[in-house]
Amino acid sequence: MNNEKVRIYELSKELDLENKDILEFCGQLSIDVKSHSSTITTEEADKIRAIATQKRPQAPKAQRPQRKKKQEILSVQHQPQGAKPQASKSESADANHPTSTAKKLERPKLQSPPSRGKETPAQPEESPANNGAKAEPVAKTTSPKAEPAAPAAPKPKLMGPPPRPTPKSSAPKTPDASPATAETSSGATQADVRAKSLSKNTAEAPAKAPKLRPKPQIVGTVSKKPTPVQAIEPELDEEPDTNNVEGDDDATPEVLLAPPKRPAAKPKKAIGPKPSKRKVWEDEEEDESESKKTKTSKLKRRPVVIDDDDDDFGTTTNNNAEVPSVSLSIARPPKPKSASSSPSPSKPSPSKPKKPAAKRSGSGGSGQSQKEQRRDRPDVKTPPAEITLTETMTLREMADILCIAETDIIRRLFSKGIAINITQTLDYDTAQMVAEEFDVKVIAPEVKSAAEKSTEMLDVADLEHLQHRPPVVTIMGHVDHGKTTLLDSIRETKVAQGEAGGITQHIGAYHVDIEHNGKPGQIVFLDTPGHEAFTAMRARGAKVTDIAILVVAADDGVRPQTLEAIRHAQAAKVPIVVAINKMDKLGAEPDRVKQELSEQGLVPEEWGGETIMVPVSALKGENLDTLLEMILLVSEIEELSANPDRLARGTIIEAHLDRARGPVATLLVQNGTLRVGDIIVAGSVMGKIRAMISDRGEKVTDATPSFAVEILGLSEVPAAGDEFEVYSSEKEARAIADERAEGKRQSRLQQAMSSRRVSLSSLSAQAQEGELKELNLVLKADVQGSVEAILGSLQQLPQDEVQIRVLLSAPGEISETDVDLAAASGAIIIGFNTTLAPGARQAAEQEGVDIREYNVIYRFLEEIQGAMEGLLDPEEVEEPLGRAEVRAVFPVGRGSVAGCYVQSGKVVRNRMIRVRRGDVVVYDGSLDSLKRVREDVREVNSGYECGIGVDKFSTWKEGDIIEAYEMVFKRRTLAGRTS
């Protein structure tokens, strides 16, 4: 504190005040502090010390009278009958004793303790000059008792006396002293001794508690305060139990009359009381007394001792003027007896409401009590009202989320015909069903667009090393609107001629060198497919792009994939540049295109919007320079940058399995520099880069930001769209890859289980309709993106009656292993833009495996749908034949014959008829007899009359309508039953 700065909490310790009191003084003195850890200057500290001696917070003032009553009642019950007359005195003295008085007595005691003789009562009277300000409050407390006590009160009895080795000798003198002297001196010694004993207990109680239980002893203690004093520890064992300390204060008035019964040789030195915590101490004391009543535990718990210490200071102040030190020392020993042997009947009543808290906080530190505390702590969780399921989870995780037992979930699922164990993973649908079974609402997670950028490639460390990078431009739009042709015109190549069917079916990444403002520059173009099946590819292209070029044909306008491309670009939050293509055609209507785009929120600049629209002709190469200039202009506004001086990060654009080179992946480097020999992790795939090839087929040694290259050296084909990162440590990279691979494996197993899982209800339904049909497929494609597109298209096919099971889907050529798998499972091999390995076709012919090859996704989907329909059993449907009206009824034998006129179609013998009378069908069955002019005929066409007879129906009436129909078998479709 002699330094230039003083902390608030140090000042509060010095003044024996709480931190909040010091903060109040700071507020009054306009000293800017934030908390108890704030620092102030020594001058400001002096001001606070000055005001602290004059004015202290009086918040606890109103609490003292109430608490004093509690102590009085409790003390009366615990102590002998002789204490009652003294209780009234203590009550009046406490009521008249202000809160500020207690606080004012704190500091002088500790900082300037007077030396005194062995006799405790007489010693406080020897040093009245140390703190005249504090003697005045003491006089107030003693004044109700007697006039002779008033002169003794001004003397600083409560000021901390120096430690003395032999306080016991003063104890016998205390009972012999005059009443006035005993009361006044005991007020000081009582508070002194108790506070000191409590502070002593904080440090030494754990070791001395067992010794002091049978008999109170005087032990020298070192107080928390600067001045060391000696304290009596008659019940150190009880002190951690706050009720003992409180009991002393409560019982102090009554104990005064019974000193002869106790060994009164234990005077207590007064230490500055802290009345501000008295209320807390009293509550804990009551709790502790109740806990001791039910169970004896003498071990100390330090947190409680600290609270008792502080609170005890406050309570002793109230009884300062009345209680001699001898009576206090006598009062403390009986507490353990009442707690251990026979609890006093009076104490439980006020502390009963706090009994549970008492057991937990201060009943002792024994292992048995801790076990009881754990048992008494029922950790019962209630299920949440609603949960959000974002991914698959194990049954145990689901049980934790729902706060229910795993066995309950297993039981519920088993009752629904789903057998599962505790380690299995629940798919989303099953988890949702489980939650609903337990009345927990499931909130569907917010579906994020696949084009939304989820990962920030730049780190904080990169911000100081950023450099400009070329823009990545994605060409998007509807199929056949000229995206690849536009890119060809820019690159002056012929990519589109090599596309099957003239449509792009994978992403191509290309670099274009251009000159802008006299400086060479580069643009990286990503060409995405426009067919509806390649939504994932378009989303992936938009996710990694900086600028999106939306190609719209001037003669076709906005189409479905155009709208989807707009949504992808908006989800990725990238600027859009519209290229209105095919301006060289006669039917070009650029204004109509602009109008349609305006309806989608893309208003051209010439119309007052912010979207750049450039009319171009990809075939003739018209206006391409303007388009490139606009791209560079937008890229300058975007301020594209990256840090090339770090390990590379980026995204997998495409991946496939090459027959000669193995797994090949096309990467877009988004940050850092990729080099040959780097350890790379892409999703769950790890590898070491053996070679890198540019888009023009040239080998390169490194790839800077915004460059797309093909790499060789991966362990397997990664998933397109996965992000990759280069690691300096192969061990770290392998650990990350293995962890991701395990998660992917679990997910794949769960999907396989969910696709094969059947419930009891579904089994019964299949038993009624026949076995559920399955179409097994082995799918091989050229690149990973094509595999994704095909799988997505297959999932959109209706599979209510025929289920598609893809046993294997991977990029690469068709091998003999694939043929063996198809032969064992009765599957069809689908090859998309791929070839057959040597020996695969011969093996397929020997095994009788059907291999279908496609290069356009349209035909593939049509044939797959036809194969699924071929597995369906033909359906018998009703086909109408004709309609006739009954105009006469002729009785024949026992029955009758209807004379009819065929109104439409024809009526055929041995076919089915339905007789309607009004809106009611009176007969539905076979037509047994058909005659025309008394001759049996096979059929009668419309416009002719005929006679119709039925063996099982003869109640014809004129006006009946006869509907003729027949049942025929027709091929069923996946859309539904044929009608």
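Cβ coordinates come from backbone N, Cα and C, glycine included.
What you see is a predicted model, and the numbers here were worked out from it, not measured in a lab.
Among the features that Swiss-Prot reports, GTP binding site is placed at 477-484, 527-531, 581-584. The compositional bias 'Low complexity' annotation in Swiss-Prot covers 54-63, 139-150. The compositional bias 'Pro residues' feature in Swiss-Prot is assigned to 151-166. Feature annotation from Swiss-Prot assigns compositional bias 'Acidic residues' to 234-252. The compositional bias 'Basic residues' annotation in Swiss-Prot covers 263-278, 294-303. Residues annotated as compositional bias 'Polar residues' in Swiss-Prot: 314-328. Marked as compositional bias 'Basic and acidic residues' by Swiss-Prot: 371-380. What Swiss-Prot records for 468-641 is domain 'tr-type G'. For 33-391, the entry in Swiss-Prot reads region 'Disordered'. What Swiss-Prot lists as region 'G1' is 477-484, and the listing cites similarity to another entry. Annotation comment: Swiss-Prot describes 502-506 as region 'G2', evidence class similarity to another entry. Look at Swiss-Prot and you will find 527-530 tagged as region 'G3'. The annotation region 'G4' is assigned in Swiss-Prot to 581-584 on the grounds of similarity to another entry.
Counting Cβ atoms from all protein chains shown, Met583 (GTP binding site) has 20 others lying within 10 Å of its own Cβ.
A simple way to gauge crowding: the CB of Asp480 (GTP binding site) has 17 other CB atoms within 10 angstroms, across all the protein chains here. As a summary of secondary structure, the region 'G4' (581-584) carries 0 helix, 1 strand, 3 coil according to DSSP. Note on the region 'G1' (477-484): DSSP counts are 2 helix, 1 strand, 5 coil. Take the CB of Gly477 (GTP binding site) and look out to 10 A: across all protein chains shown you find 28 other CB atoms.
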